Every structure is written in structure tokens, then in C-alpha cells.
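Chemist: Take this structure first; my questions come after.
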Amino acid sequence: MSSADRPQGPPTQTYDSAFLKACRREPVPHTPVWFMRQAGRSLPEYRRLREGIAMLDSCMRPDLVTEITLQPVRRHGVDAAIFFSDIVVPLKAIGIDLDIKPGVGPVVAQPVRTRADLERLRPLEPADVSYVTEAVGMLTAELGGTPLIGFAGAPFTLASYLVEGGPSRNHEHTKALMYGDPELWADLLDRLAEITASFLRVQIEAGASAVQLFDSWVGALAPADYRSRVMPASVKVFEATAGYGVPRIHFGVGTGELLELMGEAGADVVGADWRVPLDEAARRVGPGRAIQGNLDPAVLFAPREAVETQARSVLDAARDLPGHVFNLGHGVLPQTDPDALTRLVAYVHEQTAR
Ligand code: 1CP
């Protein structure tokens, strides 16, 4: 995305933030930092607020969503907020019977495996998630110049929960459907692309400054299968969210072999996990895209000096890249010491101050 794509009208308060500049590959005052899963789990103030409230219920309460989203911004001084929600919220909103079980993750009552099951996936209307519109509005007012990142699950990753019925290591039912009934699979991914695109547009239209498409589990696929069986649905999501002047970030875990195709799928920024150095990730993603990542989240359990050494090597690998957003290679692990995250933000800012 270039400055020429800047939407008409008054510039938003967040336009000149380090985060959005890095997404546009413009010079930055310092390398911007945010962390996937920065809200929640690792923060004692989050655990207190959530006591006695089920995960999905908390996602539907704009007051709680606003407070939880702001907590890591206040505590760590990160350069962007990520909207507190979950990738399965839009599925719940269209009436899929699912729950987020503590210590497990999303669990779907009746897995989606047949053509008849597909009929349960109706389109998402903005009115289905009015609490999201409301919370984004409250947040952008509170955040001022700090950008808010909206997000959604990508079609493959959502399909993996729907088809398996819950978290899965090997995605065997998902792959059985993908190889066994390619037509049903394509229709499933196409419906999920529509739902995901609607969910992202709701967040953009309510005022989110950027969006991230989480394809967390897509690294389970070989490139040829990704290209023919999954990428078309992700491309559809990026096409449906183009033209807003809002950067779109594309992330998955274990995607070293997929980065080239993910670069082609249409995002403005591609996230890499810790398995590929960022200069190599950028080479694979190709020109014209910013890069996000990629400190191993487990490194935060090491002593401070070791964290800084590892963070330094991420910064060194990104030194010649126009457009680097510092992040972890995947989400903050629940047992992470929040102070280690606060120190890491300060370290990256100090090391990259221009
Ligand atoms: O009771 C609880 O506290 C539940 C824990 C929890 C939380 C705090 C879940 C269950 N989801 C969330 C919030 C959440 N989920 C956020 C907002 C917080 C933030 O980022 O600051 C985000 C961005 C997500 C996205 C999400 N949910 C992803 C993609 C990111 C990733 O980590 O790869 C995925 C795969 C999910 C599914 C999910 N929801 C919850 C869990 C434990 C899981 C993973 C389950 C599994 O291992 O398959």
C-alpha cells in the first residue's frame, strides 16, 4: 500500500503512528512493537476481570472488551492494540453451537463434515456483531493516536476447528474432507471467506486502523495444496478488504515453505514465525510487503540478557528491510512474565530510536 492509497477525507489520528508507517514501509521514529495475544492470559489484571465470566460472554461485552484491550497498551507501552475477541466469535454470531472451554480452546458441538452441515454456515450480517462495532468505537475514542488492530481467523484455520470439532494436532478430519470431497471443501472455504471478510469489514468500518488474518494452522499444508485448495479463499478475504487504506496483515505458524504464496495472496504485511530469519522471510514474501515478527515466544522465559540478545538478532535480520513490525513468532505464552514483555518493548524502542 502506498501513500497514494490514502483514503479521502481528514487523516485519522493514527495515520502517522510508527506502526502504520512501518506497515506502509515508510521511515519510522522507532521500530513499532506489539505482541500477538498481548491481551489476556499473561496479565493478572485480565485474570481478575475475567473471574466468573465465560470467554465468549466477555467477547460480547463492549465494556470488558475495551478494558481488556487497553490493559497491555497501558502496561507495556506497545505501539498498537489488538481487539479482544476470538477467531470463533463470528461463527458463534451466526448461530454455530460452540464454546471456548478453559484450558482447551474452541469446541464445536456438531462438527461440519457434510453438505447438509454447510447449510448451517449462513452469511454474517453486521447486526450479528453489533457489540463488536460498539466496542471498536469505544476503543478508538480511548486509544487516540494508538492504532487498533482488528482480526479474524482465516478460512483454513476456522475450517480446522469446525471440521475437527475442536483443537487438533494433525487436522486429520480437515484433511480427509479436503482431499476426499474437494468440491464440498471449496464451498466450505468460500463460505468461511465471506464470513471472515464481513467480520473484518465490520471492524474496519467501525474504525480499526489495521486488520490481521490469523491462519495459525495453515503451516500443516504443503505449498501445492495451499495454492490450489486454500489460497483462493484467503485471496477472496484480501480482495474484500482492499480499498479501505487499512493495512492487512497475514500470519501463520510453520509457514516457512508458504511465505512466497502468502506474499502473493494480497496482504500488505506478512508475519513470520521464529523458524525463518526475517531477511530470508522478506526475500520469500517478495517485494512491496512489510514484515512482522519474529522472536520465539519461549525466549521470554530466558534471563533478560538472553532475551535481549535474541531480540537483537531479530532487529539485525530486519535492519535493511523497509517496514518491520516487531512481534513474537506466535502468541504470548500464558505463563510469560508480563515484566519481560514490558522490558522487551523498551529494549526494541531504545535500540531502534532514530
Ligand atoms: O478463558 C480464556 O481466557 C480463554 C483463553 C483465550 C483468550 C484470552 C482464547 C481461547 N482466546 C482468547 C483471545 C484471543 N484469541 C485473542 C485476543 C487476545 C490478544 O491477542 O491480545 C486473539 C487474537 C485470539 C485469536 C485466536 N484464537 C487464534 C489465532 C491466534 C493464535 O494464537 O494462533 C486461535 C488459533 C484461536 C483459537 C483459540 N481460542 C482460545 C484458545 C486457547 C485457542 C487455541 C486453541 C488451540 O490450541 O487450537
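Cβ atoms here come from the backbone N, Cα and C positions, even for glycine.
Copying in the features that TrEMBL gives for the protein in this structure:
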- 32-41: domain 'Uroporphyrinogen decarboxylase (URO-D)' (DOMAIN)
- Arg37, Gln38, Ala39, Gly40, Arg41, Asp86, Tyr161, Ser216, His330: substrate binding site (BINDING)
- Asp86: site 'Transition state stabilizer' (SITE)
- 149-165: domain 'Uroporphyrinogen decarboxylase (URO-D)' (DOMAIN)
Chemist: Short question: which residues 6 or more past the ends of the domain 'Uroporphyrinogen decarboxylase (URO-D)' (32-41) have a Cβ under 8 Å from it?
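Modeler: Non-local partners: 17-19, 21-22, 47, 68-69, 71-72, 76, 78-82, 84, 149, 251, 271, 325-328, 330-332, 334, 341, 344-345, 348-349.
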Chemist: For a quick check of understanding: among the binding-site residues Arg37, Arg41, His330, which residue's Cβ has the most other Cβ atoms within 10 Å?
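Modeler: Checking each of Arg37, Arg41, His330, the winner is His330.
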Chemist: Using C-alpha atoms only, work out the spacing between Asp86 (site 'Transition state stabilizer') and Ala39 (substrate binding site) and round it to an integer in Å.
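Modeler: The separation of the Cα atoms works out to 11 Å.
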Chemist: Validating a neighbour-count step here. Other CB atoms within 10 A of the CB of Asp86 (site 'Transition state stabilizer'): how many?
Modeler: 18
Chemist: The record lists Arg37, Gln38, Ala39, Gly40, Arg41, Asp86, Tyr161, Ser216, His330 as binding substrate. What's the largest Cα to Cα distance among them, in Å, rounded to a whole number?
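Modeler: Among the residues the record ties to substrate, max Cα distance equals 22 Å.
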Chemist: Restricting to the chain of Ala39 (substrate binding site) and a gap of 6 or more, list residues whose Cβ falls under 8 Å of its Cβ, or answer none.
Modeler: Tyr46, Ile68, Thr69, Gln71, Pro72, Ala81, Ile82, Phe84
Chemist: I'd like the per-state residue tally for the domain 'Uroporphyrinogen decarboxylase (URO-D)' (32-41) from DSSP, helix first, then strand, then coil.
Modeler: 0 helix, 1 strand, 9 coil
Chemist: What average pLDDT is reported by the model for the domain 'Uroporphyrinogen decarboxylase (URO-D)' (149-165)?
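Modeler: The average pLDDT of the model in the domain 'Uroporphyrinogen decarboxylase (URO-D)' (149-165) works out to 98.
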Chemist: What does DSSP say about Tyr161 (substrate binding site): helix, strand or coil?
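Modeler: Helix, per DSSP.
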